[in-house]
């Protein structure tokens, strides 16, 4: 038997040998491809598990085609004290149920305006991932926090209000002594102190120190240490940059209705009905400081000579100019029709 097989191998022609070698090569290649596919399948299994474990925010960063802007809308109002913020926020509380959005107050320990590093991380995670609360309006007395530092795919929309710095300081001075009509029975920290603001300035007491005006600049500047150094030129420049680049809209207390109007036109998912409610309800001047006396001319001139007032007023004027610009661009040049835009010359047809 062996001799017959050997004889057959010897009698094979060269073409037969080539065919046999080719068949062997194809068979080996097939086995190698099958083995490689099995290895790849095992290698990709952990990756598929990793994909399944990705958070909603991580999925959102990889694909934004299915992102619903309206239903994921988050507005962050880091309200400066004594700028009329209570009046605005209470409209939100009145309309959150019919408009189907949530309002959340950010209450920081001891009324601190800057968050610790662990709390920054936790706050950013809460705002970004708390989908049950969206759409939402968060509000609280805290400095601007840059969400882009935390690799967040969809940052909240910042809004705020500013007020003439001396008016804000005078209002806060009397608020600490006499409170307001919002909670008239609450005893304030300086209750019983009857010294007027004018007298305080003459006596150079700490409660009317111009350094107390240094608040709107750091609120827009943010969480950097330099932001909270009274008189810092860097802080003022940073506050202006953030106001233009990071805030959707900054209004002024003296034009609250126009601020509400622009928000309702721009973000109706949350602010629908705010204009009418502000105009017709008693919420337009909800919190009025009691027993407030206007400062004298001499006091005003004295305060306006200080560097702090000049810098805070610089920011106020800057914000006012930007707000007036946004109001103006709402209308067409004839000032009678709302500005519109359209798409045209779309190719290919």
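Cβ atoms here come from the backbone N, Cα and C positions, even for glycine.
Per Swiss-Prot, active site is recorded for 139 (among others), and the stated evidence type is similarity to another entry. A sphere of 10 angstroms centred on the C-beta of residue 139 (active site) encloses 21 other C-beta atoms.
If you look up Swiss-Prot, you'll see 141 (among others) marked as active site, on the strength of similarity to another entry. All chains included, 18 other C-beta atoms sit within 10 angstroms of the C-beta of residue 141 (active site). In three-state terms derived from DSSP, residue 141 (active site) belongs to neither a helical nor a strand segment and is classed as coil.
Around residue 200 (disulfide bond), the same-chain residues at least 6 positions away in sequence with a Cβ under 8 Å from its Cβ are 173, 207, 208. Swiss-Prot lists 200-208 (among others) with the feature disulfide bond.
The annotation disulfide bond is assigned in Swiss-Prot to 221-227 (among others). In three-state terms derived from DSSP, residue 221 (disulfide bond) belongs to a helical segment. For residue 221 (disulfide bond), the Cβ neighbour count at a 10 Å cut-off comes to 26, with all displayed protein chains included.
Residues annotated as N-linked glycosylation site in Swiss-Prot: 107 (among others). DSSP classifies residue 107 (N-linked glycosylation site) as coil under the three-state reduction.
Among the features that Swiss-Prot reports, N-linked glycosylation site is placed at 126 (among others). A 10 Å cutoff on Cβ-Cβ distances gives residue 126 (N-linked glycosylation site) a total of 13 other Cβ atoms nearby, all chains included. In the three-state DSSP scheme, residue 126 (N-linked glycosylation site) falls into the helix class.
The N-linked glycosylation site feature in Swiss-Prot is assigned to 282 (among others); the stated evidence is sequence analysis. Long-range neighbours of residue 282 (N-linked glycosylation site) (same chain, six or more residues apart, CB within less than 8 Å of its CB): none.
On the 0 to 100 pLDDT scale, the topological domain 'Cytoplasmic' (1-17) averages 54 in the predicted structure. Annotated topological domain 'Cytoplasmic' per Swiss-Prot: 1-17, in sequence order, evidence recorded as sequence analysis.
According to Swiss-Prot, the feature topological domain 'Lumenal' maps to 39-349.
Taken from Swiss-Prot, the feature transmembrane segment applies to 18-38.
You'll find the Cα of residue 126 (N-linked glycosylation site) roughly 14 Å from the Cα of residue 139 (active site).
Counting in whole angstrom, residue 221 (disulfide bond) lies 20 from residue 107 (N-linked glycosylation site) by their C-alpha atoms. Other Cβ atoms within 10 Å of the Cβ of residue 227 (disulfide bond) number 24 in total over all chains.
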